[in-house]
Amino acid sequence: GPPAPERVLFPPTFSVSEIKNKQRRHFMFLRWKQQQRKEKLAAKKKRRKEREALGDKAPPKAIPKTIENQRVYDETTVDPNDEEVAFDEATDEFAPYFNRQTVPKILITTSDRPRGRTVRFCEQLATVIPNSHVYYRRGLALKRIIPQCIARDFTDLIVINEDRKIPNGLVLSHLPDGPTAHFRMSSVRLRKEIKRKGKEPTEHVPEVILNNFTTRLGHSVGRMFASLFPHDPQFIGRQVATFHNQRDYIFFRFHRYIFKSEKKVGIQELGPRFTLKLRSLQKGTFDSKFGEYEWIHKRREMDTSRRKFHL
């Protein structure tokens, strides 16, 4: 018989990125996204219908995969019943605080000659952390400040660094023996920049919430934050300081809650808010030259997977 007709080879699937005209490419991309959204919604509707039809026999809902629940296992994740951890915590630099032998007293200072925004941020931070005192540095080296702090019974030193008038770093040093943590600071919002904020915070000691500090390193950092605040929160003030760790970014928020009824709770954000990313953890107090580091964030070596987290 006659030879079989040759199969026509169509070009491989057309890609929007091949369109040379930028406006047209953007338009086509939006149309393609819209189409995707439609298909997704249709699939969702179909699944819902099937579930309703099956009623009680419907399979359990699938848990969506997230970066967090697919996290690469970290061998230093702390088991709360671990004896070794219990021993470490009983003997670490924060033990005197947790055993109630010391009362937190914090010095908040800045990089040399701070500008307006950093000054306001320090003032607002001092209303969040009870028993904290702001000192503006004029040319005095940190190495000189630390012995003075220790002599005056300060338990912690916070240094806010800035770049082009914007606060961009936080150093937290636990006195007298360390450790010292360096954080990159971003997304700083002062009180007046927060929408629907509550009235000024009161003098009450806030509650402190630490979320997701699961590894040994995370534990150390969480203990550092905890030890900035006095032990017994005054619940009557209904103020909460939250350090929420997600993917190694530590989000700080300061809220007041209000019971609207027995079931409903309203929250107001008081501010300020900011985000921290741990750069390094140093044994001892601040020492940029000869400090011994427990941990340094080395991006190229450590961030091998998007699902690997250190805190």
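Backbone N, Cα and C atoms are what each Cβ position is placed from, and that goes for glycine too.
Note that TrEMBL annotation is computational and uncurated.
Feature annotations, reproduced from TrEMBL:
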COMPBIAS  50-59  compositional bias 'Basic and acidic residues'
DOMAIN    104-287  domain 'Brix'
REGION    36-65  region 'Disordered'
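Long-range contacts of the region 'Disordered' (36-65) within its own chain (CB-CB distance under 8 A, at least 6 residues past either end) are absent; none are counted. Taking DSSP states H, G and I as helix and E and B as strand, the compositional bias 'Basic and acidic residues' (50-59) has 8 helix, 0 strand, 2 coil. If you average pLDDT over the domain 'Brix' (104-287) in this model, you get 93.
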